[in-house]
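Among the features that TrEMBL reports, transmembrane segment is placed at 26-48, 55-74, 530-550, 556-573, 651-674, 680-698, 710-734. Annotation comment: TrEMBL describes E114, D143 as UDP-alpha-D-glucose binding site. Per TrEMBL, the feature active site maps to D143, D452. Annotation source TrEMBL lists Mn(2+) binding site at K271, D295.
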Amino acid sequence: MESSCRLPLHVCHVKKTEMVINRLHIFLHGIALLALFYYRITTLSLIIKTREIPLLPYLIVIVSEIVLTFLWVMHQLATQWRPVKRTVYPERLPEDDKLPPIDVFIFTAHPSQEPSLEVMNTVISAMSLDYPPDKLAVYLSDDGGSYVTLYAVREAWKFARFWIPFCRKYELRIRCPESYFSADEESADDKLTCCSEFAADRKIIEKKYAEFQEALEKNSVNANASYSRNHPSRIEVIRDENTDSDPDQKEMPLLVYVAREKRPDHHHHFKAGALNVMLRVSALISNAPYFLVLDCDMYCYDPSSARQAMCLFLDPETSPQIGWVQFPQKFHNIISEHDIYDSGHNSDWRGLQGVDGLRGPMMCGSNFFMRREAIYGTDRIQKDIDLKQLKKSFGSSNEFIRSIYKPLLPEDRQNSAEALQNELQLVSSCSYDNDTEWGKEVGYIYNTVSEDMVTSLVLHCRGWRSAYVDPARPCFLGVCPTNLNDMLVQQTRWALGAMQIALSRFSPLVYGALRMSILQSMFYAQVGSLYVVPVCGLAIMPQICLLYGIPLYPKVSDPFFILFAFIFISSQLKHVQEVISYGDSFKNVLIELRVWMMRSGASYVYAFLEAIMEWIGLHKTHFVLTGKVVDKEQAKRYEQGIYDFQASPQLLVPMCSLYIFNLATFIIGIPMIFHKGDELLAQAVLPFFGIIVNYHLLEGMVFRQDSGCIAPSVTLLSVAISAVIFCCGSLLLLY
């Protein structure tokens, strides 16, 4: 009777108004698209018979529209069909002694590109979570094996001995030191400013943090030289001999430094390989049934995040099904009114609310709590399986296999035994995965550069579901790219991963559709790099035909012209509705559209080509780390809302070439528009729309003279490529 009356730990609300709007849009827009293809098929048959206009340009436009429609269907049905919103109630959780342990995994790779102070702020914020300290263990994975990072971890432990009791004593809401002591966060403790004891304690802590900063800065002088790709494994439980002298400092979470073995002749599988090692190492030390994954620049902003996640894992209604809980990635370095690079990825987070209404979103690389059982796949293992078969899945460590079937209690931690050290060295060696199912069927599946997506796909297919929690107060805050180059590099990496999955044995519409709902598999089938086909097709062929007076769209007087106008206006208005309903300003509509065009004209081009070349064996993918070091000049332009084009020419030239091509064809085609306006109006709208949306490119090439403008060499090269595009495209008119 008591359990039946117990209040729920979380509630899932269906966003009914948005759901109705979305489904009505899908229905009306879908009918319009069917009518469009009816028009295209009947017109194509007529062209084949009469040959009044060239066939090949018309086919290119049809293929572009087919691909664009395919991607629209994938997106709409997966992310818009059933949007939901979850509310959690941490205050309803059981007492602390009944909460399960949690391991926190933080990953860093290079001490120069990921400064030690930033990484240690993330570590300290995780250690300061509002969770029982004896049930919390924090692991830092250092893929560079850097003595700079190891020293920083030891210093972080010393500072945390004072910082964590300070946070708990005054129940601070912000527990990342850098964020807390920054000027814009001083209001966080306004209610305590009148307390003399608090003021004195804060002054002491602030002084210790300054000393901590100074120590890390001095030690980071040779950070680049400390990085290594060839080093043995090193695992160290960070401790301090003086801890026992102060009872208040005994209640500290476990802190462990992990540098897995890396050798040049062994593939290390990037972050997925590091996470798999962390799973095995942590299993021998703390073995918490749940773990949190964080990027090194994504600090814990709301200390209650662990309790919020437990509201789903411990809720009797959802607990048996939930494999992981994803929190959104929010960023403290975004200037909301000037987020000109769409660094907040709000369109992605809007989509995850819809996917949560199916079987839940994928893992997004960071900010997710996961059930260890789900990643191990122990639910699929027979109870009477023998040790030899288990070693095929989990490797040769008997202690690791024992940890899977006999979870260690917090008091069972043994950190200095020689036998334990030997086992830790074994499970963190670079050859441990050899001839096992690790990275294939168990742990993170690392056959692509987008391991989060393919691992999520596999787990969803195995019956696990996930949940997305987007509270009003961000649980985690990180650093996002605030310059054009880093944004495009990051998008190229992500788009490449999705394309690789589409070409692999885990292709969502083949592997996924047979094992889970078609709507869920559609979510994974959204391959952004495929936008290259419609964007390039519709940004080149109609414009060339415009100059030659060849119509590819119906006349203004034709009823089908209204159909094309409706499809265009409908899609734009739906985008406006999504942005406004999410709480963003109207300006974000233009920003998101502009960034999508830049990605399609640069990032998706390279991702598409690289994935195809790798698929046929002509190229091997290399992981590119996004830099975390901030350039002051670029940061200043970002704060002013000014685009900075100090990017790789390789990324700038494709988008600039398309822009120059559309600008030139529109200007040259103006006489043709006046001459055949009824037939060519639709073709004139396409380049004009692209020119207006991407006006910042024209500014960068022509009107700006500052150091952030587009280099003249890039502009000249783009002009030459535009001429080549026109010449090659004109040849297609012969067919």
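Including glycine, each Cβ sits where the backbone N, Cα and C put it.
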Segment-segment contact (the transmembrane segment (55-74); the transmembrane segment (651-674)) at 3 or more Cβ pairs under 8 Å: no
Intrachain C-beta neighbours of D143 (UDP-alpha-D-glucose binding site), sequence separation six or more, cut-off 8 angstroms: F107, T108, A109, H110, A259, R260, K262, H268, A274
Nearest recorded site to E114 (UDP-alpha-D-glucose binding site) by CA-CA distance, among recorded positions K271, D295, D452: D295
Paired segments the transmembrane segment (556-573) and the transmembrane segment (710-734) in contact, 3+ CB pairs under 8 A: no
Cβ-Cβ under 8 Å with the transmembrane segment (530-550): same-chain residues at least 6 beyond its ends: 53-54, 57, 60-61, 63-65, 67-68, 70-71, 499, 596-597, 599-601, 604-605, 608, 658, 661-662, 665-666, 668-669, 672-673, 675-676, 679-680, 682-684, 686-687, 690, 725-726, 729-730, 732-733
For E114 (UDP-alpha-D-glucose binding site), the number of other Cβ atoms found within 10 Å of its own Cβ: 25
Rounded Cα separation (Å) that holds between D295 (Mn(2+) binding site) and D452 (active site): 13
D295 (Mn(2+) binding site) CB neighbourhood, other CB atoms within 10 A: 22
Long-range Cβ environment of D452 (active site), under 8 Å and at least 6 residues apart: M362, M363, C364, G365
